[in-house]
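Have a look at the structure below, then the notes.
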Amino acid sequence: MQDQVFKSGFVTIVGRTNVGKSTLLNSMLGQKLTIMSNKPQTTRHKIQCVLTGLDYQVVFIDTPGIHKPKHKLGEHMVGTALNTLREVDVVLLLVEAAMPGPGDLYMLEQLRKVNSPVLLAINKIDLVKPADLMPIMATFQQARNFAEIVPVSALTGENIEYLRQVIIGYLPKGPQYYPCDIVVDRPERFIMAELIREKVLHLTSQEVPHSVAVVVEAVEQRSEDLVAVRAVIYTERESQKGILIGKDGKMLKEVGQQARKEIEILLGSRIFLDIRVKVKKDWRNRDIDMRNFGLLEE
Ligand SMILES: Nc1nc2c(ncn2[C@@H]2O[C@H](COP(=O)(O)OP(=O)(O)OP(=O)(O)O)[C@@H](O)[C@H]2O)c(=O)[nH]1
């Protein structure tokens, strides 16, 4: 009998905003790790999630949505995404089940310089009729010779297991980079901040989301089963601060209650969560603020 070969490698999921990258990643990992929202551009960080099986390990790098930059943070997001393309073993391009739009064409153009295998996953197939899928697949295949095209629904889970197998099939022989119980390489503080930001995105209306950054400033073990967490939500304008706090502090209370529940699950402990809201004017255009918020790497 032949020895089993261990396969491992780095995989990046790219695609324009809102195509379902985070949902797909979570669905493949079977756990909630990156934040999901119905508003575009919620993923700013390069998060690595690790999926380990008996004979494989996939390290997923979740890139920010590629889009035409509008301000400095936007430029940085595009730069990060493009850099990761050159460092990975497999690139997974995610698109929606629709004819390619300008965003997809821009993405395809960026991928022209990529040498590693590029797989195409066509997401949200639950929204289209099977007959409409064939011409969409054909159009994408004409645009580039993809290693494979896999239609999926990250939301319903359709074809996700198959996609996982396809990805593993393209990984090279390699070592186990991380211990098997590691699923994410970001520190807990970062995940806590992302959970809080996710609640803000879900609960507030359109004018707030993109100008919000969350920083967890302190985490303190108060007793055996109580951890105190102090976080600050930064906004760009006084008016946004008002919206975030809400009438009689109701909005902030709701954000805090919802985030607390999930942080308690994350840490496996009771949490005392103290959230403040502060205004930091124009932070998205200032490198120093972005670095402080952990949005730029040194
Ligand atoms: N119907 C349907 N909706 C989906 C599917 N996958 C994702 N969505 C929805 O699409 C929206 C965007 O999903 P995300 O996973 O946040 O998208 P993203 O590409 O990570 O977005 P950014 O972080 O902005 O780049 C959410 O409302 C998801 O629920 C799917 O297979 N079917």
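Keep in mind that glycine also has a Cβ here, set from the backbone N, Cα and C atoms.
As annotated by TrEMBL, GTP binding site applies to 15-22, 62-66, 123-126. The Cβ of Ile125 (GTP binding site) lies under 8 Å from the Cβ of Ala97, Leu133, Pro151, Val152, Ser153, Glu158, Asn159, each of these being in the same chain and 6 or more residues away along the sequence.
Among the features that TrEMBL reports, domain 'Era-type G' is placed at 7-173.
Look at TrEMBL and you will find 204-281 tagged as domain 'KH type-2'. Secondary structure by DSSP for the domain 'KH type-2' (204-281): 32 helix, 31 strand, 15 coil.
The feature region 'G1' is assigned by TrEMBL to 15-22. Restricting the average to the region 'G1' (15-22) gives a pLDDT of 82.
Marked as region 'G2' by TrEMBL: 41-45.
Annotation source TrEMBL lists region 'G3' at 62-65.
Panel annotation: around the region 'G4' (123-126), residues 19-20, 23-24, 94-97, 133, 151-156, 158-159 of the same chain, lying at least six beyond its termini, place a Cβ under 8 Å from a Cβ of the stretch. What TrEMBL records for 123-126 is region 'G4'.
Cβ neighbour counts within 10 Å, taken over all protein chains shown, single out Lys21 as the most crowded of the binding-site residues Gly15, Asn18, Lys21. The 6 Å Cβ screen around ligand 1 retains Asn18, Lys21 from the binding-site residues Asn18, Lys21, Ile125, ordered by sequence position.
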